[in-house]
Amino acid sequence: KNLFFSGLTAMEKKLAEYKCNTNEAIQLKLVRFPEDLEDENTTFNPEYSHQVFGDDEVAFGYKGLKILLYYIAGNLSTLFRIEYTSKVNEKFDCVEADDVESKIREIIPPGFCTNTDDFVSLLEKEVNFKPFGMLLHTYSIHNEEAGEDIAYQIYKADMTCPGFREYHERLQTFLMWFIETASFIDVDDERWNYFLVFEKYNKDGATLFATVGYMTVYNYYVYPDKTRPRVSQMLILPPFQGEGHGAQLLETVHRYYMSSPTVLDITAEDPSENYVKLRDFVLVKLCQDLLCFSPVKLMQGFSQEMVTEAQQKLKINKQHTRRVYEILRLRATNMGDAEQSRSYRLDVKRRLIGPYKKKQRELAKMRRCLRPEEMTNQLNQIDLNLQREQLEESFQQLVSDYRRVLERLAQA
């Protein structure tokens, strides 16, 4: 009996060596030059792989597993290869290795290369790749490393652009690795808009384009004759993150819809914390020069005028306008002045207490129809002191978020 167990642990130990973390195993690249293939500095890894490999993000059955997914920088033609130093064998180890290849094939479109030579010969044709759709905005960012300004362009595309459908299929695979709850969209629905960011770069005297990131927006119909665009997905690819492209993209999208009389306002689907920070910055930047946000008016409190002007001129909805007001009012408030800071704190907390008040109204309703012993349990959940603490905590957190937005604004 003991022999059996010690045998098992040896076996377990052996099998444990055949587990690989898929976030490390997957190696992504955006390739511009043949030498990028060998350059480790151009490799990046997923933040997530649970949608493909399960919650523990592990592939079983391999040692030294490498899942190579290399993309040509512009049109995203793909090289997909799997390498490993050893693999469990069904005959000897009595276990089967995970079918890594079919899992990856489920999310990447067919038509990829499996060997480097084919990939490099596609790379030579990349000079023919041009961005899809209509140019909306051009901007440049100074690059310290290169010691020069690099030019970027934002385009609006749709499925009628030749080749765009196939390109989008390759592009959206990145969502799986960088957005925690990513899903692919129904591209046959014509109400989707696609906004793409490209970098212009030089190669042997020619100008080429590299994919930087993109956003998808769905146009909801609002009765009787309006639409409400809703941002669905937004991704700036990791090599380009932290350079300000997200803000350029979101501002460009707002400006695009601002010119449309049928658009009510712009919303977002289930926004992440990072997206909310980005949106705060962009919306405050757009709003700060509106007359309704002058320091005098900010000190008089949140008004219907702000809601109307932000919606009509900038397509910003009421909820987001309220945040913009709070951020701009913070900037106009001397927090060292007891009276001003008290007034600001009360104003923000009055908004924050809304959900609590709603909860208390619901409790009052329950009180009327529940027996006393059932009530005590419900009441315990909302202790007033706890409520005050939570409120203060929420307030402090907001103010620190708002300060970061204002710092970024001061540098912009």
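Along the chain as shown, residues are numbered 1 onward.
Backbone N, Cα and C define each Cβ position, glycine as well.
Whatever TrEMBL says is automated annotation, not expert-curated.
Here's what TrEMBL has on this protein:
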- GLU269: active site, proton donor/acceptor (ACT_SITE)
- 18-180: domain 'Histone acetyl transferase HAT1 N-terminal' (DOMAIN)
- 279-330: domain 'Histone acetyltransferase type B catalytic subunit C-terminal' (DOMAIN)
- TRP192: site 'Interaction with histone H4 N-terminus' (SITE)
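In this structure, the C-alpha atom of TRP192 (site 'Interaction with histone H4 N-terminus') lies 14 angstrom from that of GLU269 (active site, proton donor/acceptor). Cβ neighbours within 10 Å of TRP192 (site 'Interaction with histone H4 N-terminus'), excluding its own Cβ and spanning all shown chains: 17. If you take the C-beta of the residue listed as 'active site, proton donor/acceptor' and look for same-chain residues 6 or more apart in sequence within under 8 angstroms, you find TYR218, ARG230, VAL231, SER232.
Looking just at the domain 'Histone acetyl transferase HAT1 N-terminal' (18-180), the mean pLDDT is 94. In terms of DSSP secondary structure, the domain 'Histone acetyltransferase type B catalytic subunit C-terminal' (279-330) contains 41 helix, 1 strand, 10 coil.
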